[in-house]
Amino acid sequence: MDGVGTKWWPYKHKGSVNEVLIISLLFLPLAGGVFGMLFKNTSYSIGGIGLSFAASLLVIINSIEFNTAIQWLPDYSLGIKLDSTAAILICLVTLISLLVHTFSLEYMREDDGKHRYFAKLGLFTFSMIGLLLADHLILLFVFWELVGLTSYLLIGFWYKKDGIPASARLSFMVNRIADVALLAGILMINNSGSLNISELSGTWLFLPSILVAIGAFGKSAQLPFSGWLTKAMVGPTPVSALIHAATMVAAGVYLLFRVAPFMHESTLIIVALTGTFTALYGGLCALFQHDIKKVLAYSTISQLGYMVMGIGVGAGSASIFHLFTHAFFKAGLFLGAGAIIHYLHQVTKADAQDMRNMGGLKKALPWTYSTFLVCALALTGIPFFSGFMSKEGIIIAGWEWAEQIGAWAYIVPDVGLITAFLTALYVGRMVLLVFYSENRLEEKIVAFSENLSLKVPLIVLALGSFWFVFDWNPFAHESRLSGYWSSTPSHSSDSISLIVMILSTLLAISGLVLAYSFFKPGSNYEQSFSKLEVGKFKLAFNGFYLVALYQSIGRGFSRFSQFTFAVDQMVVDGFIHFVGVGSVVISKVIALIDRFMVDGPVNLCGHISAFVGKRVAGLSSRDIQTQLAWLLAGVILILSWILFF
Amino acid sequence: MNLIDQLNGILADLQGVWAESALMLGAIAVLVLGLARSGRAIKALFLIVLIFACYLNLTNGLRGDILSGSLFLSVHTSTFGILFLITASFLLLFKRGDKHSTEFYFFILSMLTGSLLMMKANSLLIIYLSIELVSFSSYILTNFSFKKKGFEASIKYLLFGAICSAIMLFGLGIIYGSTSTFLVSEWNSETFSALLPQVGFILLLVGIFFKISIAPAHLWVPATYQEAPADATAFMSIVPKLAALVLLKRIFEGQIFTSNHWIYSLVLGLGILTIVAGTLGAFRQSNARRMISFGAIAHSGFLLPLTLIQSTTASESLWYYSVVYAIMNMVTFYLLDVHERNGIVEIDDYKQTSRSVWIGAIFSLILVSLVGLPPLAGFTAKLFLFTTLWEGYSLLENSQMLWYLIVAVIATVGSLFFYLRIPRAIFLSQSTDNQSINLNLSTKILATLFCIVLLLLFFAPQLVMEAQQLLNNVHE
Amino acid sequence: MIITVQIFLLMMVLAGVGIILFTRNIVHAAYALCLTLLGIAGVYVLVMSELLAVVQIMLYAGGVVILLAFGVMMTNRLRGEKVLSGSNNKWIGRIISVGVFAGLCYLISISPFQTTSVEKNEDQIAQIGVSFLTDHIVAFELIAFVLLVALVGAAYLAKNAADE
């Protein structure tokens with residue numbers, strides 16, 4: 001990456017100085033968070049993440065590369081590598097994290113646990129940077145788990161409220177299941193060579209590669225794991241912006257991007273299809289939500305679907321580009337939603353996340369409105385905004401891929417285009433219902449002074465949603481940043497890109513127009529919206545019952561363990577009853593021996609003979625004779641197997 | 001060979017059993033001192049005996065068959081010996097009244113002697129006697145609460161143990177009868193070609209499996225672990241189990257079976273059964289100690305296949321897993337004990353402890369390590385184990401190893417669901433009647449130290465390997 | 001002559017076993033056990049291992065059975081009632097014992113046992129003594145310690161049971 005920026009940093013090739021730089025980059029957010037919690041002062045957190053961001057800028061500007069390894073177990077040398085891809089993504093993470101920190105200053109001002117909150121944010125940022133720095137898959141897995149843990153902690157931040165611990169647990173557990181697949185996949189790869197990503201070679205077998213892909217699906221909320229992301233929305237809204245929109249959920253895409261060259265062919269097809277259908281699923285569900293954060297969550301699922309689809313069709317570069325643009329506009333949308341929620345909390349007691357309680361907020365929150373609008377247009381994929389460029393890249397690549405694979409494969413770019421239409425539809429609906437028409441609340445709208453620490457992050461993120469940040473040409477489908485993560489510029493045939501560009505622009509605009517005709521101020525829908533019930537769109541409203549599915553799986557599992565428990569009991573106790581032992585005679589003998597034990601001055605021999613003779617004076621646990629009978633039966637079973645087979 | 005030569009040979013070999021002799025004499029000394037003193041003096045003597053035995057164990061440079069083949073010394077026996085002695089010394093951290101301390105430490109020392117001899121045993125006689133010595137002490141320690149339930153558990157354990165020991169003795173008889181040798185080291189690939197000695201071998205396995213708690217000889221574990229005093233349980237769940245594993249590993253090291261022999265399938269099948277029984281059994285337990293004891297059964301299942309695979313990785317993996325398992329179990333039972341002293345016995349009772357955040361967090365970390373998640377040493381142990389299993393799969397070409405791997409991975413996830421019930425009770429309950437439990441500073445510091453060790457061993461697992469090298473080479 | 005003795009011993013053992021199996025009176029069972037053990041001691045004499053025979057008579061017939069009888073007597077000394085034993089898990093017990101028996105019979109029938117002629121060995125006891133102190137010294141010492149532990153344990157449990 002020579003040629004980017006000026007090189008005023010004299011230590012570019014000095015290992016030890018770079019080491020210090022990397023270490024401070026990694027640990028400053030954590031240290032800031034911890035000190036902030038210890039000294040009850042949020043400025044430590046802000047300072048830590050700010051310095052970390054500065055360090056990452058330093059790395060980018062001077063294109064510092066860094067590579068080292070820690071000797072762990074024999075044969076496991078854990079590589080740590082800072083290449084240009086990691087560097088630019090770290091820069092992104094620290095920037096968004098810095099903005100979210102700033103935003104949270106105002107958002108969490110009144111909260112008792114805000115120091116705990118900032119410490120957790122610091123821990124998260126640390127883990128996320130670690131994940132990006134890790135070159136070894138095991139090390140990556142460690143940070144992967146840490147990121148998952150902090151996500152769990154932050155979702156459950158308001159753990160005293162009803163239902164929040166349960167939601168946090170559900171999203172944690174769903175993630176764990178996917179993580180096990182990832183671990184299993186890594187272990188399988190382990191036996192075919194090095195686990196350092198930069199030293200990977202060859203093509204993996206189907207099983208390990210699909211397991212790794214499942215792990216990535218879990219983190220990136222792809223089907224069938226999507227349900228956890230909507231459950232994660234109970235956390236503080238800035239957290240949703242940082243973790244569940246911009247950074248952590250993108251970790252799955254990042255992992256897929258890194259390992260895609262080694263994936264088995266069929267796995268890639270599965271990845272492409274999963275991403276495609278997740279995109280459609282998210283778009284459909286987002287259309288029917290009432291909760292503004294749920295709309296954004298489903299939209300995130302949908303956009304992550306695009307990225308995963310991009311990986312599957314071999315357009316890793318486009319996916320990372322989309323990850324980048326998405327991080328800006330989605331974080332902006334979430335923070336905007338956070339500002340709205342923050343405002344509504346102050347004026348009303350009604351549910352501050354429900355769009356049925358919003359409307360006409362344009363006047364109350366002018367800055368939020370304008371930035372939200374910019375980010376929303378970027379999400380829609382309208383030309384001159386960043387989302388357009390990156391989404392085009394993916395759909396074009398999907399088209400080209402389909403040309404090679406065969407006719408059925410056109411489903412991938414086609415569904416991509418349909419989803420683009422859906423995206424415009426739900427974005428239009430959201431913006432219209434939230435900001436336009438009249439307020440649906442009983443309380444009166446008052447103008448609200450948008451605090452500087454709310455405003456600055458919103459403005460920065462909105463600026464980052466314009467095309468010129470990424471390339472001067474608004475119709476380019478790659479960015480001047482692309483060089484950081486891909487060495488070969490993608491070249492696609494102009495005709496396809498032209499068709500796709502026109503098609504998707506038309507679709508997006510028609511989506512917006514349709515949204516306007518349906519949801520415009522004064523329309524039937526808008527008029528009845530505040531009293532709207534879920535009604536006939538139950539299926540999509542409930543995210544196709546994905547969460548209910550998890551819960552019933554959980555219940556099924558618990559039933560299963562109940563069943564094994566019952567079998568345990570039944571085989572042992574039931575068997576005796578079944579054969580009719582345990583009759584009056586035995587109970588008399590028991591009574592006799594009980595009398596011996598209670599009445600007589602019982603010595604050791606008495607005890608032993610009493611116990612050997614009969615049952616133990618225990619209560620519920622099974623008796624020793626039966627235990628022994630089972631032991632012996634087991635031994636005999638084994639022996640007869642040997643003797644006769 | 002004339003008598004004088006024989007006696008000289010014995011004198012020369014005595015060095016190999018000095019540690020055990022010291023422990024036996026120390027046990028008797030504890031008993032004698034108990035007549036005059038109690039409490040501190042006993043503990044001090046116990047510690048001195050352990051340190052002295054450690055010294056003797058470290059300085060012993062003998063390897064191979066000693067004392068006309070009765071015992072076999074190896075890297076494993078010397079390093080595991082040190083592990084056992086250190087584990088025993090941690091028992092001093094548990095709170096223990098003066099009343100039964102003399103006898104308690106006497107039985108601990110005798111169990112330790114039995115365990116050391118068990119893993120060194122090369123003669124069938126020694127195998128039997130050392131297992132009996134360990135068992136006798138365990139039966140009595142189980143009853144040390146002197147309550148009805150403890151007595152019940154103890155008698156059950158005794159009956160179970162007696163039957164297993166009888167089965168094993170019968171097996172030993174059959175083996176001796178058909179091979180006319182007592183010595184394990186004289187077995188070879190021909191020894192077990194006939195059916196009769198094979199049956200004898202199975203019956204011998206029953207006795208060893210009883211000590212490791214492999215299904216179906218695991219049924220005694222929950223009741224015993226629940227009722228025995230916590231320190232005794234901690235010791236019983238670590239030392240005899242690991243000793244029996246080392247013994248089993250040594251038996252299989254003799255290449256007496258080819259790797260596709262059905263004995264391998266049998267052992268692997270029972271190991272899978274153990275993992276399943278331990279994991280499923282733990283789900284519906286309401287008592288914390290009982291749940292942990294099912295977890296310990298599952299851990300036996302995890303460790304078992306390491307005895308079948310003959311490779312450096314397997315040995316290292318066994319050593320690493322054992323060390324980590326010893327630390328984890330010791331501290332788990334320590335914390336359980338601390339809580340039980342405050343009346344917190346059932347898992348639901350832990351809801352009352354949500355105020356003691358620090359100890360709760362430490363406890364949670366330890367349990368996470370028992371599950372096997374990063375960044376704790378339990379993860380490294382499991383990872384190492386899985387790697388070894390995979391190696392075993394490719395080395396032995398035994399597809400059961402692959403199944404074992406799959407079951408082990410699934411069980412690891414499964415264990416998350418029961419181990420984490422305690423942290424869940426501590427942190428996620430909305431209990432109103434919070435009472436902060438009474439914990440002194442030293443408890444917190446101790447638990448934290450253990451936790452740091454587990455973290456350290458995750459980041460620097462080679463420390464454990466280097467320790468093995470070091471311990472093995474001290475005598476030079 | 002030998003045949004007669006063998007048949008006699010077999011009957012002795014079988015009669016003892018039969019009584020143990022079918023009586024519910026523990027004292028009777030103890031005496032029957034004594035009979036069985038004496039019969040087995042006789043078998044040892046027939047295969048020329050006097051030491052085992054002597055040990056069998058002294059330890060088992062003399063010691064263990066007497067201990068059992070004492071135990072029974074002390075248990076019911078106050079009431080003077082008979083001590084009866086019950087049985088549990090009858091069916092599974094029967095299945096297991098028949099299984100064991102059938103399995104062992106099958107195993108013995110298919111296993112080629114080596115047979116050697118029995119020779120009279122004059123200084124058998126001396127040889128066993130020497131081997132205890134040379135080849136099996138560890139086992140010998142270990143037995144001593146095991147017995148010590150058992151003794152201490154029994155005394156300790158009995159003492160605490162009496163205390164409470």
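Just so it is clear, glycine is given a Cβ too, placed from its N, Cα and C backbone atoms.
TrEMBL annotations: computationally assigned, not manually curated.
Per TrEMBL, transmembrane segment is recorded for A:20-39 (among others).
For A:46-64 (among others), the entry in TrEMBL reads transmembrane segment.
Annotation source TrEMBL lists domain 'NADH-Ubiquinone oxidoreductase (complex I) chain 5 N-terminal' at A:76-118. If you look at the domain 'NADH-Ubiquinone oxidoreductase (complex I) chain 5 N-terminal' (A:76-118), the same-chain residues 6 or more away from its ends with a CB under 8 A from one of its CBs are 1, 22, 25, 29, 32-33, 36-37, 40-42, 45-46, 49-50, 52-53, 56-57, 59-60, 63-70, 124-125, 128-129, 132-136, 138-139, 154, 157, 195-199, 236-239, 241-242, 246-247, 254, 257, 320, 324, 327-328, 331, 335, 338, 342, 451, 453-454, 456-458, 460-461, 481, 483-485.
Residues or ranges marked as transmembrane segment by TrEMBL: A:117-134 (among others).
According to TrEMBL, the feature domain 'NADH:quinone oxidoreductase/Mrp antiporter transmembrane' maps to A:134-408.
The transmembrane segment annotation in TrEMBL covers A:201-218 (among others).
The transmembrane segment feature in TrEMBL is assigned to A:269-288 (among others).
Sequence annotations record features per position, and here TrEMBL assigns transmembrane segment to A:295-321 (among others).
Remote same-chain residues near the transmembrane segment (A:327-345) are listed as 92, 96, 99-100, 103, 106-107, 237-238, 240-242, 245-247, 250, 292-293, 296, 299-300, 303, 352-353, 357-358, 361, 364-365, 368, 371-372, 374-376, 378-379, 385-387, 434, 448, 450, 454, 457-458, 461-462, 464-465, 469 (criterion: CB distance under 8 Å, separation of at least six residues from the stretch ends). The feature transmembrane segment is assigned by TrEMBL to A:327-345 (among others).
Beyond the ends of the transmembrane segment (A:366-388), by six or more residues, the same chain brings 299, 303, 322, 325-326, 328-330, 332-333, 336, 339-340, 343, 420, 423-424, 427-428, 430-431, 434-435, 450, 454-455, 458-459, 461-462, 464-467, 469-470, 474-475, 504-505, 508-509, 511-512 to within a C-beta distance below 8 angstroms of the stretch. If you look up TrEMBL, you'll see A:366-388 (among others) marked as transmembrane segment.
TrEMBL lists A:408-435 (among others) with the feature transmembrane segment. Among residues of the same chain six or more beyond the transmembrane segment (A:408-435), those with a C-beta under 8 A of the stretch's C-beta atoms are 272-273, 276-277, 279-280, 282-284, 286-287, 292, 295, 299, 302, 305-306, 309, 312-313, 340, 355, 358-362, 369, 372-373, 376-377, 379-381, 391, 394-395, 398-399, 401-402, 500, 503-504, 507-512, 514-516, 518-521, 526, 529.
Taken from TrEMBL, the feature transmembrane segment covers A:495-516 (among others).
Annotation source TrEMBL lists transmembrane segment at A:537-554 (among others).
As annotated by TrEMBL, transmembrane segment applies to A:628-644 (among others).
Using DSSP to sort the residues of the domain 'NADH-Ubiquinone oxidoreductase (complex I) chain 5 N-terminal' (A:76-118) gives these counts of helix, strand and coil: 29 helix, 6 strand, 8 coil. Long-range contacts of the transmembrane segment (A:495-516) within its own chain (CB-CB distance under 8 A, at least 6 residues past either end) are made by residues 380-383, 388, 391-392, 395-396, 399-400, 413, 417-418, 420-429, 432, 475, 477.
Stretch with the largest number of CB pairs closer than 8 A to the transmembrane segment (A:295-321), among A:46-64, A:269-288, A:628-644: A:269-288.
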